[in-house]
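S.K.: Attaching a single structure in structure tokens format; questions to follow.
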Ligand code: KG4
Ligand code: ZN
């Protein structure tokens, strides 16, 4: 294995242009430019607006990250980029930029999985992940329980949502309550003023005989919408804080219960929680209580590293270099539905970007 490698990571799968620089498991820079305000009036991310914003922000954000880290681009050991999953057009901007830098600097290129990056980022906070690690991945597009024995090559899905992702449910409930977009942070804030036990919202797939590690949040979302609708129709005020807190309680109850169960069933004593929803204060609190009780060590990155960022991509890229994984080839594509099991996209057919660059320059 190499010395702790210096890697720059580029993330453009959604509405954050993230550029991170890490040395091994040490975070040196985490520059993020967000287009979130450009999407707010549409109530969700508009793919073309996101792509254009990435194009504008890319080079300045890379420059900012290099400045903050105090390193030169020529010192890098590799360039990592999110190859998927995510918005196709948005991913293409990051992948193209990563290729341009890798080509110009003659550095190896690593196309990595966004979801594995959300797990690997915890190495920047708590050191190398134990093997195996159970990961609860909860974001705007995914909610899964994953068992990983090596974050660069082995991520095994145990269960996932059968309908909405957890973050999607937060965003939809926020819309119903008129709280704006994105919903997670504002529901989290609102819920602090409310009573999580005020309303008994349903817990999806929580009965005996239901799949143990799968999730369902669509019924909960509908139950919240119906409850709010009934109050409005009756001309009664909607207790927004109580609804937010009770909804949040239902989501976090199911997520933490199933995650702890997955750890116990599989004899795994470490639980990692990653993805945007891992920034949720109640989820973090409840997970800590339940893990303490079950004798499980909980690892959750600080909130800023849970939501999309470039450092997580750099963290996984650095791990790829450290473990001597093959770089991606120059024909690396973006895959909007890259499966979680494909931690990175190697270039089997055409050799590494290095070989390509040298050949082209001959
Ligand atoms: O991982 P992420 O930044 O992007 C995706 O890969 O999807 O996750 C975004 C999701 C959004 O649905 C957002 O509402 C949710 O994470 N989120 C939260 C919180 N912060 C962000 N959900 C609950 N509580 C939060 N504090
Ligand atoms: Zn994400």
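Note: Cβ is positioned from N, Cα and C throughout, glycine not excepted.
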S.K.: Looking at substrate binding as recorded in TrEMBL, which candidate out of 113, 266, 280 goes with 137, 138, 139, 140, 141, 171, 184, 188?
M.R.: 280
S.K.: Would you identify which residue of 308, 324, 331 TrEMBL lists as part of the Fe cation site it also attributes to 114, 118?
M.R.: 308
S.K.: Tell me which of the binding-site residues 141, 184 sits in the most Cβ-dense spot, judged by other Cβ atoms within 10 Å.
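M.R.: Answer returned by the neighbour count: 184.
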S.K.: Please list residues from the chain of residue 308 (Fe cation binding site) whose Cβ is under 8 angstroms from its Cβ, counting only those at least six apart in sequence.
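M.R.: Sequence-distant Cβ neighbours: 11, 13, 14, 15, 16, 18, 32, 114, 276.
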S.K.: Compute the centroid of the Cβ atoms of 114, 118, 308, then list the same-chain residues not in that set whose Cβ lies within 8 Å of it, in sequence order, for the Fe cation site.
M.R.: 11, 13, 82, 115, 117, 139, 274, 275, 276, 309, 312, 313
S.K.: Substrate site residues 137, 138, 139, 140, 141, 171, 184, 188, 280: biggest Cα-Cα distance, Å?
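M.R.: Across 137, 138, 139, 140, 141, 171, 184, 188, 280, the two farthest Cα atoms sit 18 Å apart.
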S.K.: Could you measure between residue 184 (substrate binding site) and residue 118 (Fe cation binding site) for me? Cα positions, answer in whole angstrom.
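M.R.: Checking the Cα atoms of residue 184 (substrate binding site) and residue 118 (Fe cation binding site) gives a distance of 17 Å.
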S.K.: Measuring Cα to Cα, how many Å separate residue 137 (substrate binding site) from residue 118 (Fe cation binding site)?
M.R.: 8
S.K.: Fewest other CB within 10 angstroms, which one of the binding-site residues 139, 280?
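M.R.: Relative to the other binding-site residues in 139, 280, 139 has the fewest Cβ atoms within 10 Å.
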